[in-house]
Amino acid sequence: MKSRPHSVELVLPDTGETEDLGRRLQADLDLRADAVILHVYGEADAYTRPRWRAILDAAVGAATPRGRLVVDVSAIQFIGCRPILDLAERAQQASTGGVRVVMFNPYAGVVDRVIAIAGLSAWLPIYPTLAEALNPPVPVRPVVPTPGSG
């Protein structure tokens with residue numbers, strides 16, 4: 001894992017997981033005033049899924065008072081379809097508590113396509129830069145002329 005200036009070690013409840021599981025999937029939290037960035041490293045697959053879910057739950061909990069959770073998958077080596085669905089489920093649950101979950105992935109590819117094909121883009125928007133994930137661009141609304149204004 002990389003050391004980051006605002007990084008906090010992610011402490012998970014003791015689930016009796018093997019040491020190998022902890023090596024295969026790691027994460028840390030970057031606490032900001034208005035967001036939490038979850039940096040994920042390793043593999044999120046069927047084997048590491050219980051740990052993945054615990055990581056997501058801890059991250060959503062940390063993000064609740066801040067209103068935004070950015071999931072950084074730039075250093076993840078593999079993420080399966082079920083972990084992506086777990087993330088979408090957590091995003092839906094978090095939205096009821098006022099937390100917006102977004103993803104940061106500078107490498108457009110399979111993850112982006114899976115999310116789009118599964119119809120999850122509304123729940124898991126993906127941004128190519130961390131700056132955009134933290135401060136998403138506001139969509140420009142077209143100005144609709146009113147009758148008689150022209």
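Placement of Cβ uses the backbone N, Cα and C atoms for every residue, glycine included.
According to TrEMBL, the features are:
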type   : residues : note
DOMAIN : 25-137   : domain 'STAS'
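For the domain 'STAS' (25-137), the model's average pLDDT works out to 93. For the domain 'STAS' (25-137), the DSSP-based tally of helix, strand and coil residues reads 44 helix, 32 strand, 37 coil.
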